[in-house]
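Novice: I have a structure here, written as structure tokens, and I will follow up with some questions on it.
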């Protein structure tokens, strides 16, 4: 058993979808969450800068005594997961676009994938397509502006609806019946996606939207159990950090998670 915290990080608020699932499945665990908002979105960062940011944050978690780390970002997973696992001697759980479950779920054989450019271009993503979806028709979009929209917290405006519709409608017109959300920010836009897709999907079936928050938290549970690291005592804390504006982050985190949250600034050596 270990009361040491689990570190979870993303380029911004997207990883909160993963954090929420972890809190639901592992309510006793102490948690550290880092939103690297000063460098969001990761999907457009040069790889050398992404490498530096992920390394800084991983070292911060280790310095805080973290017993495990969750890369709550598909882009960081695609580019950095293998290297981080070699560099840091703690269990590291990473994201993976849900291509396999989507391929199993589709009836039409047509799948939509929303993900960042770095994820769509990654070797791992391409291997998943070859392994599980080579007989499917896959429509992809990097959804320019989605990450910034979620980071703003403005999810219910006319502009938000129009932006989501801009990327989703062409896929609906292609008769997809499954949509993979390959970025942890995107589940916050799922209600808009369901509204737009209502009664438009092939066979009048509801569009199935797949993301991996529950799968990640269950994998984390298995790994912690294997290493005898589960915490069976009451949770003591969930601490939030950002490389951006802490006051603004506190407001947006509270809005998205529907609870009062205070976000602290990362130490200076983790912000540059």
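Cβ coordinates are placed from backbone N, Cα and C, and glycine is handled just like the others.
Just so you know, TrEMBL annotations are computer predictions that nobody has curated.
Per TrEMBL, the features are:
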BINDING   10, 11, 42, 43, 74, 75, 184, 185  substrate binding site
ACT_SITE  73  active site, proton donor/acceptor
ACT_SITE  183  active site, proton donor/acceptor
Novice: Could you list the residues of the same chain, at least six apart in sequence, whose Cβ is under 8 A from the Cβ of residue 183 (active site, proton donor/acceptor)?
Specialist: 14, 43, 73, 74, 75, 114, 115, 116, 119, 143, 146, 147
Novice: Using the residues the record lists for substrate (10, 11, 42, 43, 74, 75, 184, 185), what whole-number Å value is the largest Cα to Cα distance?
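Specialist: Largest Cα to Cα distance for the substrate-binding set is 12 Å.
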Novice: Cβ within 8 Å of the substrate site's Cβ centroid: which residues qualify beyond 10, 11, 42, 43, 74, 75, 184, 185?
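Specialist: Residues close to the substrate site, other than 10, 11, 42, 43, 74, 75, 184, 185: 12, 14, 15, 40, 41, 73, 76, 116, 147, 183.
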